[in-house]
Amino acid sequence: MADYLISGGTSYVPDDGLTAQQLFNCGDGLTYNDFLILPGYIDFTADQVDLTSALTKKITLKTPLVSSPMDTVTEAGMAIAMALTGGIGFIHHNCTPEFQANEVRKVKKYEQGFITDPVVLSPKDRVRDVFEAKARHGFCGIPITDTGRMGSRLVGIISSRDIDFLKEEEHDRFLEEIMTKREDLVVAPAGITLKEANEILQRSKKGKLPIVNENDELVAIIARTDLKKNRDYPLASKDAKKQLLCGAAIGTHEDDKYRLDLLALAGVDVVVLDSSQGNSIFQINMIKYMKEKYPNLQVIGGNVVTAAQAKNLIDAGVDALRVGMGCGSICITQEVLACGRPQATAVYKVSEYARRFGVPVIADGGIQNVGHIAKALALGASTVMMGSLLAATTEAPGEYFFSDGIRLKKYRGMGSLDAMDKHLSSQNRYFSEADKIKVAQGVSGAVQDKGSIHKFVPYLIAGIQHSCQDIGAKSLTQVRAMMYSGELKFEKRTSSAQVEGGVHSLHSYEKRLF
């Protein structure tokens, strides 16, 4: 036993593992499966880990999760769910500009503090107009003013309780006959704070609280449903007006300037320039145009995988970079064009360069599980963009179908011929709009049902927090600081180590993640 003893106590600890710099300066292209993070010291619980992350220079999220602008991943339903759970969704642009802008508008109107542009009707409108508004907007608590517009005298409100039991032949009745009159309403004065208004709404037990000025003219309204959403989703991503954050994608062509104008009018918070290879004169010119016309709009450039690519977009003025080329589950760019880079190496190299200029990095692609998210964040990414991981959730576009008894949803790459045939925007992303023969850079497939975002994303959040706990970091900021200082250590995995790290040596098993 004495042969194993070393004098001098336990003060000596051998150097173990590789720093990120040592790991990625070996010349090999590494994916997330090619390495592990070595554990640290735990003196806190997982729920104490702060996942606050920068999406762009000016937008911060409470969770580092972003949904990809793909037509089988993100429309309004996904963007709303992502924002409510602390992330953000980017509405795809493989559609008309009008459709995309309307999807953004749905997100911005979903949860609000002071609603300054609500649906308003007049006393001479009819009951059928309320039902039409309910079908179009999903609610029927509608204020009634003299002229049917904001800024005119409030005379009443119409709610579901006023119309629920009306027969169809009564749908031509004027609203003034059945509305709740002004004298029966609880209102609040203009200038009141949101907190004070919410307290009045809670005490009144009403569904809506109109805000009026000294002339009794309607200037805003607050909804009880928004109070409930605030309670149920404390991490929700919101702007200064308490509206949900929403992003959208555009291309780099001249006609995308019209799309940009519609998105700006709809209230979009951040725009990503959607290109498979972002280091182009087209993207640089578009960045400069956007920054000049909409200086307060945050712009994400990409995709890039090298520091040289990143430099040109940073010089042009981007507020964040999207990193990844050919690493997505439905992407075949590396196979077809022989261009791209393994994702772990790309994220580390670009993040290490971009951080010097205060430009956050979004790791886009190659994410197969929550461990990959943790690794991307540990390599310098501020947020992680997900496509296949969120496809087939309830909130993703498309209908479920069954194959061999398994519930599936369609999922396709924006470089697939299927997506290119749907709309020109997908062709533009891959510089294929003028080609007589299309070269597919993606495939179409199907993904198994994952349930709702409202259950799946909390699982991802908990997984990231537990990963940070094992690392010994109380925040993602600390994780990155440990990585750049060399305190955080990594280790390469052989193919045998990867087998050992997965489920093995069982006759059968059930893998339930949450």
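Heads up, residue numbers simply count up from 1 along the chain you see.
Cβ atoms here come from the backbone N, Cα and C positions, even for glycine.
Swiss-Prot annotations:
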- 114-173: domain 'CBS 1' (DOMAIN)
- SER122: phosphoserine (MOD_RES)
- SER160: phosphoserine (MOD_RES)
- 179-237: domain 'CBS 2' (DOMAIN)
- ASP274, SER275, SER276, GLY324, MET325, GLY326: NAD(+) binding site (BINDING)
- GLY326, GLY328, CYS331, GLU500, GLY501, GLY502: K(+) binding site (BINDING)
- SER329, ASP364, GLY365, GLY366, GLY387, SER388, TYR411, ARG412, GLY413, MET414, GLY415, GLN441: IMP binding site (BINDING)
- CYS331: active site, thioimidate intermediate (ACT_SITE)
- TYR400: phosphotyrosine (MOD_RES)
- SER416: phosphoserine (MOD_RES)
- ARG429: active site, proton acceptor (ACT_SITE)
- LYS511: N6-acetyllysine (MOD_RES)
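When pLDDT values are averaged over the domain 'CBS 1' (114-173), the model yields 83.
Near GLY502 (K(+) binding site), with the C-alpha within 10 Å of its C-alpha, lie none of the binding-site residues ASP274, SER276, GLY324. When secondary structure is read from DSSP and collapsed to three states, GLU500 (K(+) binding site) falls in the helix class. A separation of roughly 29 Å, to the nearest angstrom, links the Cα atoms of SER275 (NAD(+) binding site) and TYR400 (phosphotyrosine). According to DSSP, CYS331 (K(+) binding site) sits within a strand segment.
In the three-state DSSP reading, TYR411 (IMP binding site) counts as strand. Binding-site extent for NAD(+): residues ASP274, SER275, SER276, GLY324, MET325, GLY326, maximum pairwise Cα distance 14 Å (rounded to the nearest whole number).
You'll find the Cα of GLY324 (NAD(+) binding site) roughly 6 Å from the Cα of GLY365 (IMP binding site).
Distances between the Cα of GLY501 (K(+) binding site) and those of the recorded positions GLY326, GLY365, TYR400, TYR411 are shortest for GLY365. Under DSSP, SER160 (phosphoserine) is assigned to a helix (H, G or I) in the three-state scheme.
When Cβ neighbours within 10 Å are tallied across all protein chains shown, the highest count among the binding-site residues MET325, CYS331 belongs to MET325.
Across the domain 'CBS 2' (179-237), the DSSP tally of helix, strand and coil residues reads 23 helix, 16 strand, 20 coil. Secondary structure at GLY326 (NAD(+) binding site), as computed by DSSP, is coil.
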